[in-house]
């Protein structure tokens, strides 16, 4: 409880020289003059002007960070001899939390190793456009608009709201076609996600890891770790999907030319594996080569797109007309206006087919570590890519809708013949001279709905479309092959999944994840060889959508928390729009495939639980922390407006344990009372010179709280520094807690050394009990025969840890030189070793499961029910479930049965079960003659014939006045020895420390009452009811 001096644990600040304690003397020659300070103030000063280097994280990859003087150094500057504050300090390889290399270096400036860094065009815009422009553009887009149409008449209602009024306007429009809705809705989802991502990535420096980095730093490692793994896996499998798409196109060409190598399936596997090997070679060669390949593929893709548009203006031949392709015609455009879903297709099924084409918006963000300025590049490149690709999809779709009919036979002889009716699905073709009426009876091979190669037929030069298809598939595969290892490497560097840390290592100037490339290669080849890609495709799409949903939710969550640290430079976002985007992503997941959506949620929840249980030792200042804090403040405020009620009483424990590790038995028992449902404070008072006490207290705050968290004690550590121990304890009793969440019960260990502690020590101890009663605290005193304090063992352990490294090296050297084995330290004497062993065993007594036995409750005085409530709470804990309650009460001779019945009735009303009720009707009998108490108090007696005038001593008059009280304690100990010697825990009503009773006499009462017993807990409530039998 009391720390009277500072030993070890000093807070060392490299920016401060505290070696001597003399009057101030500045050695200007030893200090570098800082021009910025001198020019600002006209003289040099220990203070520093604001500078970005002060805000860099510890563990910066730059190797150095600037250090500002601490407040203590400035405050005590004239107490020191030399002040020498370096401008920077070299990092020792540890982060601020003491953990090895922290990868979250938000403020660090990376070392320039000559690696390639991309701007927003090559790094983001090009990659996103290539990923979004997939094979969908050339193969499925015409099919989608054939089913959905490009327009549909309807009533469009717009709700307009201003700061003054709101109103709705409804107009008849004919531009909201289902085909357009498919593209626009996809763009809405991706645009909202892009806005959310822009806000997140401009709220601080962005490092490598893309979507994983953004989500983990916003929502924390639980969300980031779960989505990061499945996002990296999705990219790895996406490589195989894109490569198989490329291989199928190649095999179709081989089949058309009758040059198959084996058969279609095996040829796809062969071409796919060869393609992946080539792509892997490009990726491993470095980002520069990969970027050059992307530029070449982009040029091919742009030429293919232009080829389609140019082809719609070239006069068509008769053979093309037979396949349903004409030049621009308003009749065709109007005929394709309305939807015409066939073969069970619906709007949602068509949308599910198209949306995966829009899932490439993270291609640029995924290589965030390779961008020159990711904060500027990601928003600009991603949003512009969404705009360009969205307009491209819409433009080409409308061009095709205005030039191609839905059904055509492909027969140039199917022309309009006079007298033969021309009906069917393609009326516009009739007016253009072609009769495709047979398509109403039998399925035709050509037209928007029937032929997926419409783009090739429409284009000016068909082979360019095949080249564009190759470009689209290969560029998407290459982007995914780069993205998966980059994201996976960032995840592994954070060491959230320790088993995967092997893949964190990077190579070369760009820190290339070679191991990640190889793993991605293995996964993609495996799925090419044995994977059912048609089945896994919706799962991969849902994995991407889950990432988008969490990006949107991250933006909403951070905005909702209103943390002062949420200051994105990108202002064009809205928290509710981000929430809408997250919900839209979730809905789209079920639209694409409901079972894949459920599987995605299931995997994410399992990974979330795993990371939560493992509790990775990271602290990224997530919005989850901010929302938790806001909720805690809100709940505390709401509690403060509600009066306490006896039904909701909980023991809120303030335990004077000293350091969190000093009295484990006391802390464990206190924790058993509060568990996860009440407040438990483990408190320490530092006594001594203010400067030393404050320094030691500040250095121990984080260390003690960390120990509590690691040992799963749900408690808070609090400490105060005072000149006197009682003054510090009084401060804790008065000021601890917040609102209604404040302690109501003091728990303290019994002072075993009261006879040798001196007058001041005893007066302080009993004075704390008086203060607790004055402040209306319930009071608990725990006594264990072996003692509670293990601080000397903790201190020895700390010294061993501090010096063991040096000593081990020294002993190794001695052994090497002499050939003798040397013990690390001399063993303690057998007696001391045995005492320490018993003490350690006793200190862990309440940490382990209690054996079958009893908790004996001696409820002698009504204190409001706390003496009964606390042992009952113990029986509800898992560790104490085998301990049954036995109640002992004082009774009058001759009416024991009546007293027992009354207590039984009372317990039934309180709904507290016990195995036995014992009425002790012989408490009033004088105790056996024993001089133990007399021996205890003899050194503190003030006899009548004595000339000593010490006011704290026990006078003969006082002893005579409280003779019955004294005898009662002795008699109770005799009864406790007879009835409760084998109990797991004894709970006894504590005699009150009445003012006017000498402190030594009161300590003697407590000592004789609890002497030679199992663990004994003295309890005295504040005499306010904590039990009720009303509902």
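All positions are counted from 1 along the displayed chain.
Using N, Cα and C of the backbone, Cβ positions are placed for all residues, glycine too.
The region 'Disordered' annotation in TrEMBL covers 1-31.
Among the features that TrEMBL reports, compositional bias 'Basic and acidic residues' is placed at 22-31.
The feature domain 'Amino acid permease N-terminal' is assigned by TrEMBL to 33-96. Model confidence over the domain 'Amino acid permease N-terminal' (33-96) is summarised by a mean pLDDT of 57.
Proximity of distant same-chain residues to the transmembrane segment (124-145), defined by a Cβ-Cβ separation under 8 Å and at least 6 residues beyond the stretch ends, is recorded for 118, 179, 182, 242, 245, 291, 294-295, 297-298, 301, 304-305, 308, 336, 350, 353-354, 356-361, 363-365, 367, 371, 377-378, 380-382, 384-386, 388-389, 392-393, 396-397, 400-401, 404, 448-449, 451-456, 465, 468-469, 471-473, 475-476, 479-480. The annotation transmembrane segment is assigned in TrEMBL to 124-145 (among others).
TrEMBL lists 165-188 (among others) with the feature transmembrane segment.
The feature domain 'Amino acid permease/ SLC12A' is assigned by TrEMBL to 177-654.
What TrEMBL records for 195-215 (among others) is transmembrane segment.
Sequence-distant contacts of the transmembrane segment (227-247), counting only residues of its own chain at least 6 positions beyond either end whose CB sits under 8 Å from a CB of the stretch, comprise 134-135, 209, 211-212, 215-216, 267-269, 271-272, 275-276, 279, 366, 469-470, 473-474, 476-477, 480-481, 483-485, 487-488, 490-491, 496-497, 519-520, 523-528, 531, 533, 536-537, 540, 543-544, 546-547, 550, 600, 603-604, 607. Annotation source TrEMBL lists transmembrane segment at 227-247 (among others).
The transmembrane segment feature in TrEMBL is assigned to 268-287 (among others).
Residues of the same chain lying 6 or more positions beyond the ends of the transmembrane segment (293-316) and with a Cβ under 8 Å from any Cβ of it are 122, 126-127, 129-130, 133, 137-138, 282, 325-328, 392, 395-396, 399-400, 402-403, 455, 458-461, 464-465, 467-472, 474-475, 478-479. As annotated by TrEMBL, transmembrane segment applies to 293-316 (among others).
Look at TrEMBL and you will find 347-369 (among others) tagged as transmembrane segment. When Cβ-Cβ distances below 8 Å are used as the criterion, the transmembrane segment (347-369) is approached by residues 118, 123-125, 127-128, 130-132, 134, 136-137, 140-141, 144, 147-148, 178, 181-183, 185-187, 189-190, 193-194, 197, 201, 206-211, 213-214, 235, 287, 339, 341, 377-378, 381-382, 385-386, 393, 476, 479, 482-483, 486-487, 490, 511, 537-538, 541, 544-545, 547-548, 588, 591-593 of the same chain, each at least six residues removed from its ends.
Taken from TrEMBL, the feature transmembrane segment covers 381-405 (among others).
If one looks beyond the transmembrane segment (514-533) by at least 6 residues along the same chain, the residues whose Cβ comes under 8 Å of a Cβ in the stretch are 233, 235-237, 239-241, 243-244, 247, 268-269, 272-273, 276-277, 280, 283-284, 481, 484-486, 488-489, 492, 502-503, 505-507. Under the heading transmembrane segment, TrEMBL lists 514-533 (among others).
Listed by sequence, the residues of this chain that lie at least six past the ends of the transmembrane segment (539-560) yet keep a Cβ under 8 A from its Cβ atoms are 189-190, 192-193, 195-197, 199-200, 203, 211, 214-215, 218-219, 223, 227, 230-231, 233-234, 237-238, 241, 355-356, 359, 361-362, 566, 573, 575-576, 578-579, 581-582, 585-586, 588-589, 592-593, 596-597, 599-601, 604, 623-624, 626-627. Summarising the annotation, TrEMBL assigns transmembrane segment to 539-560 (among others).
Summarising the annotation, TrEMBL assigns transmembrane segment to 572-596 (among others). Beyond the transmembrane segment (572-596), the same-chain residues lying 6 or more positions past its ends with a Cβ under 8 Å from any Cβ of the stretch are 188-189, 192-193, 195-196, 198-199, 348, 351-352, 355-356, 538-539, 541-542, 545-546, 548-550, 552-553, 555-556, 559-560.
Sequence annotations record features per position, and here TrEMBL assigns domain 'SLC12A transporter C-terminal' to 663-801 (among others). Residue counts for the domain 'SLC12A transporter C-terminal' (663-801) under DSSP, helix first, then strand, then coil, are 71 helix, 28 strand, 40 coil.
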Should anything in the same chain at least six residues away from the transmembrane segment (381-405) have a Cβ under 8 Å from its Cβ atoms, list it; otherwise answer none.
120-121, 123-125, 127-129, 132-133, 137, 141-142, 144-145, 149-150, 179-180, 183-184, 186-187, 190-191, 194-195, 197-198, 305, 308-309, 312, 324-330, 332-333, 335-336, 357, 361, 364-365, 426, 428-429, 436, 447-448, 454-455, 458
Counting only residues 6 or more past its boundaries, what in the same chain has a CB within less than 8 Å of a CB in the transmembrane segment (195-215)?
103-108, 223-224, 227-228, 231-232, 361-362, 365-371, 374-375, 378-379, 382-383, 483, 486-487, 489-491, 511, 547, 550-552, 554-556, 558, 565-570, 572-574, 577-578, 581
